[in-house]
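> My questions all concern the structure below.
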Ligand SMILES: Cc1cc2nc3c(=O)[nH]c(=O)nc-3n(C[C@H](O)[C@H](O)[C@H](O)COP(=O)(O)OP(=O)(O)OC[C@H]3O[C@@H](n4cnc5c(N)ncnc54)[C@H](O)[C@@H]3O)c2cc1C
Ligand SMILES: NC(=O)c1ccc[n+]([C@@H]2O[C@H](COP(=O)([O-])OP(=O)(O)OC[C@H]3O[C@@H](n4cnc5c(N)ncnc54)[C@H](O)[C@@H]3O)[C@@H](O)[C@H]2O)c1
């Protein structure tokens with residue numbers, strides 16, 4: 001049987017673009033790709049990239065304060081010009097979008113700028129009715145922000161809206177306590193917006209190492225975010241002064257804007273998947289095996305649409321591995337058990353890889369926990385109270401480093417480098433064999449001599465804590 005394409009990709013985001021480009025350029029596949037919105041997907045257009053640029057923009061006040069601590073007595077951030085920043089951001093995203101399209105076209109991929117859906121195991125249908133056949137179909141349709149399902153929720157914004165706002169609100173309520181909520185609260189607060197963050201838990205960033213969560217929570221408070229922990233909004237109403245949010249503790253307050261960061265869900269609705277026999281999970285995610293293959297053998301899926309690890313580099317790795325496996329005769333699985341991640345808070349980021357202390361505590365074998373907590377010389381001299389924290393979780397029997405958690409400036413950059421020895425299975429002794437680079441923050445990672453406590457396993461002895 002002949003097909004129009006060897007591969008048809010639905011979605012021009014992180015995972016889809018990588019898979020399409022590798023299949024076409026490295027393995028000579030005839031590839032078509034459909035994108036219903038802007039090329040580049042969530043990360044480039046309404047995620048990682050504009051978010052990080054906004055994080056940079058939001059730290060001017062803190063940088064001026066630090067400069068004053070270093071003798072620049074008049075240092076001031078001045079006033080923030082949102083339209084100027086926003087215009088420049090739009091041009092940068094246009095440039096990136098062009099680069100993504102150009103890269104694909106250069107590789108010989110045919111781009112269809114419209115929505116696609118599945119008709120059967122080998123057929124997709126475009127919004128204009130065109131039907132195209134492909135030997136393999138890759139779904140890389142990503143995810144979509146979810147509102148929490150409360151009355152009046154349409155009055156609130158979602159993360160996509162941060163990047164298209166015409167003007168900054170004077171006050172905002174951010175709802176949620178994970179990556180997006182914490183980063184957006186950091187951005188808006190840093191840009192001068194009166195920011196409240198409402199989160200139903202008792203510390204932000206559930207799932208991260210508990211000690212690090214407490215530092216991140218405290219930092220949000222210190223930089224001026226009005227943290228409302230243990231509460232959730234129950235309804236929103238339009239009020240003369242703005243949007244009134246009522247909370248489940250009986251309180252209410254008015255904000256100029258409300259932003260929901262209450263999770264994302266795989267974007268599989270209306271794709272024709274179930275009709276084609278593709279099995280979906282509870283959240284609508286495409287169920288795939290370790291090769292990213294769905295229940296229909298010719299249909300694969302990568303990235304957020306599979307709801308495995310929802311990060312750009314993971315989607316890219318899954319897309320690349322799919323292309324290597326299916327078109328390059330180089331079978332390659334993705335190891336989802338070890339990946340680094342960073343939450344871009346300010347002044348200190350939270351970055352992590354491997355097991356948290358809470359996870360290590362449940363292991364049958366004991367682990368040693370090394371913690372260094374200190375005020376870095378840069379902030380100390382600059383007059384800031386900000387503390388940095390480094391933590392290593394080490395298998396007490398094999399000496400293998402199982403987890404690393406860093407709360408500090410540029411922690412994301414540091415964890416990227418720690419990911420290399422950890423991926424190689426390095427031991428604590430091998431970390432320590434590295435001669436420190438001085439004076440740096442990161443030198444703490446190779447100079448922590450004695451464990452602060454031993455946890456998990458039968459040897460558990462929390463009383464040895466000496467911190
Ligand atoms: C605010 C925010 C900040 C983030 N920050 C980070 C970060 O700092 N670091 C990090 O690693 N990750 C971050 N992420 C997560 C990251 O953006 C995603 O994990 C990543 O983009 C997933 O890639 P993907 O290819 O699965 O999907 P996407 O990038 O979402 O791409 C899917 C594409 O498919 C298109 N599409 C969907 N359905 C169809 C259809 N039927 N027909 C045609 N086209 C379709 C969509 O328009 C979209 O362009 C962030 C996410 C958000 C929302
Ligand atoms: N720096 C980064 O790498 C980065 C940044 C942003 C997003 N991301 C990725 O995007 C994914 C989605 O981000 P997210 O922040 O939406 O994560 P998430 O889905 O983990 O967070 C959802 C948050 O909303 C809260 N929530 C859910 N329903 C609620 C309700 N009804 N009422 C009140 N609160 C509610 C949850 O308790 C949680 O804190 C992340 O898992 C991450 O993989 C990564």
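Cβ coordinates are placed from backbone N, Cα and C, and glycine is handled just like the others.
Predicted automatically and left uncurated, TrEMBL annotations should be read as such.
These came from TrEMBL, pasted as-is:
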type	residues	note
ACT_SITE	438	active site, proton acceptor
BINDING	52, 304	FAD binding site
BINDING	176, 177, 178, 179, 180, 181, 182, 183, 263	NAD(+) binding site
DISULFID	43-48	disulfide bond
DOMAIN	5-319	domain 'FAD/NAD(P)-binding'
DOMAIN	345-448	domain 'Pyridine nucleotide-disulphide oxidoreductase dimerisation'
> Hey, which of the disulfide-bonded residues 43, 48 is the loneliest by Cβ count within 10 Å?
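Comparing Cβ neighbour counts within 10 Å for the disulfide-bonded residues 43, 48 gives 48.
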> Find the one among the binding-site residues 178, 180, 304 whose C-alpha lies closest to that of residue 48 (disulfide bond).
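Closest by Cα distance to residue 48 (disulfide bond) among the binding-site residues 178, 180, 304: 180.
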> Of 176, 178, 180, 263, 304, listed as binding-site residues, which ones have a Cβ less than 6 Å away from ligand 2?
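Listed by sequence, the hits are 176, 178, 180, 263.
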> How far is it from residue 178 (NAD(+) binding site) to residue 43 (disulfide bond), counting Cα to Cα, in Å?
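Cα to Cα, residue 178 (NAD(+) binding site) and residue 43 (disulfide bond) are separated by 17 Å.
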> Please name the residue among the binding-site residues 180, 182 whose C-beta has the most neighbouring C-beta atoms within 10 angstroms.
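Neighbour-count leader: 182.
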> Residues with Cβ closer than 8 Å to the Cβ of residue 438 (active site, proton acceptor), same chain and 6+ apart in sequence?
none
> Specify the nearest of the recorded positions 43, 52, 304 to residue 182 (NAD(+) binding site), where nearness means the distance between Cα atoms.
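When the Cα distances are compared, 52 comes out closest.
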> Specify the secondary structure state of residue 263 (NAD(+) binding site) as given by DSSP, simplified to three classes.
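The three-state answer is coil.
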> Considering every residue in the domain 'Pyridine nucleotide-disulphide oxidoreductase dimerisation' (345-448), what is the mean pLDDT value?
97
> Listed recorded positions: 43, 176, 178, 263, 304, 438. Which have a CB under 6 angstroms from an atom of ligand 1?
43, 304
> Other than 176, 177, 178, 179, 180, 181, 182, 183, 263, which residues of the same chain sit close to NAD(+)? List them in sequence order, counting a residue when its Cβ is within 8 Å of the Cβ centroid of the site.
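Other same-chain residues near the NAD(+) site: 184, 204, 205, 261.
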> May I have the DSSP-based helix, strand and coil counts for the residues of the domain 'Pyridine nucleotide-disulphide oxidoreductase dimerisation' (345-448)?
35 helix, 32 strand, 37 coil
